[in-house]
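Novice: Copying in the features that TrEMBL gives for the protein in this structure:
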TRANSMEM  15-36  transmembrane segment
TRANSMEM  48-72  transmembrane segment
TRANSMEM  92-118  transmembrane segment
TRANSMEM  134-158  transmembrane segment
TRANSMEM  178-207  transmembrane segment
TRANSMEM  313-334  transmembrane segment
TRANSMEM  354-375  transmembrane segment
TRANSMEM  387-406  transmembrane segment
TRANSMEM  412-435  transmembrane segment
TRANSMEM  447-468  transmembrane segment
TRANSMEM  474-498  transmembrane segment
Amino acid sequence: MKKDSGTEVRKDKQILINMIIQIISFVINVAISFFLTSFIVEKIGKEVFGFWGLANNFISYITVFTIALNSMLSRFVTIKLHQNDFESANKYFSSVAIANIVLSIILCIPTIMMILLLEKVINIPEDFIFDVKLLWLFLFCSFFLNLSTSVFDVATFAKNRLDLSASINIKSNIFRALLLIVLFSCISPHLWYIGIAFLICTIYMVVKKYKFYKELTPDLIVAKRSFDWKSMKELLAVGFWNSVNQLNQIFMTGLDLLLTNIFIGATDMSMLSVAKTIPMQLQIFVQMIANTFTPQLTITYAKKGLNEFIKQVIFSMKVTGFLGSVPIIGLVVFGKDFFSLWMGSLSDSEIIKVHMLSILTLLPMLCDTIVNPLFNVNTITTRVKIPVITNLVIGILNVCIVYLLVKYTNLGVFAVAGVSAIMVLLRMILFIPVYSAHILKVKWSTFYWVLLRGGLSLIILTVVFMLIHNLTNITSWFSLIIICMLAGMFGYILNFLIMFNKEEKRIVINVLKQKLNKN
């Protein structure tokens, strides 16, 4: 019993360590994105900033072909390693490593052709055609390098050491920011500097990930003799549905910049890109917190502890809701003040437009911050077919509605952002909790109790934040930071009281005490 208790403490402490380091990584990344976005827009102009986001969207289109193999690799390898089946683990590992290299080479050909003809594919201001092409070339080179070496990420996942991968991201992001500041300040500014900075940092990250892979998982070896078609088929059988799901994500949110570029214009595309910058960072934050629990959830599921698995899923939902809802509501309530200070080069009407677009982008995240861990349930249990088909239908419907609204109404870019937000929100409320309960064979309302707690918390936070906003006057960065810190403090206290039950509060406090005492 004592041994089990010690194991639980170590497990909780490692989850806490992973979470703390990843939160630090997130804060640094947000600070860098916050500074660089304003800095780059000022240097190169708001008209072309959106092509950076559009390039990332095009990269997400390619991942439709790559995610089938890679999305399930960590899950399969982790389970086999913890079952001491090293031969099977190496078959999965080597097969995907070799396949990724081959796939990268094959995909390079159409990518190069697309970049050469890019001005015929999208609308690019004539003076920036070369810059945009070079930006896309460097970003795609970075992507293919990442793809070819992505198997190394398995090591930190399988050993539940996500803190190590987060530390790499921290150093990489700081170096990228410094490099971009030097390039834009000391040389004539060009959009493609963003791409070359990403490529250099990707090379650094690959070297570090390889080092951790060798240290943490010496039993995993890339070997031609371990390539196994059966293992590939097993991964593809489940991963295929993740590819379809990625296609759905493109239909839901990945076409927004492209549709805006084609049907409305490059300037509105850049406005939408700016509006999505901080919300996308918050989305990464929520996903990061949810992913902190994924290694331990996978290990628990591998050891056939279903009751403990469900308990951990519910707790992870509460933690992501607790941590994620405060900054999301904060940006909704204090967003106009934030964008006015952040984007001084934009007019008042453009600030209002950016704020409204950011609220539309944040709308589904109000639910996602609680529901997000349930996506891991589908992946870990390999029950992805039904949610993927459902999501694909919703995604196609989203594209059709957006097209009709853009073509036949004056809603413009608001139609692009608004329709997908509503569709995603409905999917998260009406489908995800019910289906997750179904595949775990528990009562359909099991996860709705967490959602109701979260909904109550969101309402109370919104009211409190609006009261604070109305009672204060924000005129500078200093006043914004102080007032937001005050609101955030109240927000997290209220969230802690609302989201967790008595036992969960005790667990959180004990883990924090143990961590502080150790330090």
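Including glycine, each Cβ sits where the backbone N, Cα and C put it.
Caution: TrEMBL annotation is automatic and unverified by curators.
Since the structure is predicted, the reported quantities are computational estimates derived from the model, not experimental observations.
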Novice: Before we move on, state whether the transmembrane segment (178-207) and the transmembrane segment (313-334) share at least 3 Cβ pairs under 8 Å, counting only pairs 6 or more apart in sequence.
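Specialist: No, the transmembrane segment (178-207) and the transmembrane segment (313-334) are not in contact.
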Novice: For the transmembrane segment (134-158) against the transmembrane segment (447-468), do we get 3 or more Cβ-Cβ pairs below 8 Å once near-sequence pairs (under 6 apart) are dropped?
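Specialist: Contact absent: fewer than 3 Cβ pairs fall under 8 Å.
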Novice: Under 8 Å, at least three CB pairs between the transmembrane segment (313-334) and the transmembrane segment (48-72) (pairs 6 or more apart)?
Specialist: no
Novice: May I ask for the residues of the chain that lie six or more residues beyond the transmembrane segment (447-468) and have a Cβ under 8 Å from a Cβ within it?
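Specialist: For the transmembrane segment (447-468), the far contacts come to 313-314, 317-318, 321, 325-326, 329-330, 332-334, 366-367, 369-371, 374, 429, 433, 436-437, 483, 486-487, 490-491, 494-495, 498-499.
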Novice: Relative to the transmembrane segment (412-435), which of 48-72, 354-375, 474-498 accounts for the most Cβ pairs at distances under 8 Å?
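Specialist: Checked against 48-72, 354-375, 474-498; highest Cβ contact count belongs to 354-375.
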Novice: Counting CB pairs under 8 Å, which listed stretch among 15-36, 92-118, 387-406, 474-498 touches the transmembrane segment (48-72) the most?
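Specialist: Of the candidates 15-36, 92-118, 387-406, 474-498, 92-118 scores highest.
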Novice: State the residues, same chain only, that lie 6 or more residues beyond the ends of the transmembrane segment (92-118) and have a CB under 8 A from a CB inside it; answer 'none' if no residue qualifies.
Specialist: 58, 62, 65-66, 69-70, 73, 76-77, 80, 124, 129, 132-133, 136-137, 140, 144, 147-151, 154, 220-224, 226-229, 231-232, 235
